[in-house]
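*Asks:* Pasting in a structure now, in structure tokens, and then I'll have a few things to ask.
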Amino acid sequence: MEQFHGTTIVSVRRGDKVALGGDGQVTLGNIVMKGGARKVRRIYNNQVLVGFAGGTADAFSLLDRFEAKLEKHQGNLTRAAVELAKDWRTDRMLRRLEAMLITADATTTLVITGNGDVLDPEGGICAIGSGGAYAQAAARALVENTELSPREIVEKSLGIAGDMCIYTNHNRIIETIE
């Protein structure tokens, strides 16, 4: 059975501001099932942003586990991400989950991959999902050549990804921490 998939999530950190955004499209095979899904959320008393890509059920399962780790480690983003990654690598059921997360707080942005890796992105820019490469390239160009805010860069990057990736639409949700 096919899984729901296809999305773009992008995060940009500039100075003391970070933005995390995603599109709203959920695809099953070659059919758009939903155009306004919310794949970017605020968690842990609105102090942490999280965006997810991959199989929808898998992503929600990982999001729930990440929230529990964040609570257990009193909001320490890095510790929660590493603990989730450890579980992901050692738990047979979790290893089958096909999803990725981008998490960000006031000081740190991390990508948690389907292999159980935790990555600290270079230059404060990261993207995941089917349109991730387009969004990341656009964000990098905008960071290097403009003075736009992280929110504006995320918005424009998602727009470019939506123009190029058939699994990404123009219904955007963007959250920021300043």
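Placement of Cβ uses the backbone N, Cα and C atoms for every residue, glycine included.
Keep in mind the model is a prediction, meaning the values are calculated, not measured.
So Swiss-Prot says this about it:
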ACT_SITE  T7  active site
BINDING   G162, C165, T168  Na(+) binding site
*Asks:* Write out, in the order they occur in the sequence, the residues of the chain not among G162, C165, T168 that have a C-beta within 8 Å of the mean position of the C-beta atoms of the recorded Na(+) site.
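*Replies:* Once G162, C165, T168 are set aside, the remaining close residues are T8, D23, Q25, S130, G131, Y134, A135, L158, A161, D163, M164, I166, Y167, N169, H170.
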*Asks:* Of all the binding-site residues given, namely G162, C165, T168, which is spatially nearest to T7 (active site) at the Cα level?
*Replies:* T168
*Asks:* Can you check which residues sit near C165 (Na(+) binding site), meaning Cβ under 8 Å from its Cβ, same chain, 6 or more apart in sequence, and list them in order?
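*Replies:* Sequence-distant Cβ neighbours: T8, S130, G131, Y134.
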*Asks:* Enumerate same-chain residues with a sequence separation of six or more from T168 (Na(+) binding site) and a Cβ-Cβ distance below 8 A; give 'none' if the list is empty.
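*Replies:* When sequence neighbours closer than 6 are ignored, T168 (Na(+) binding site) has G6, T7, T8, D23, Q25, G129, S130, G131, Y134, L158, A161, G162 within Cβ distance under 8 Å.
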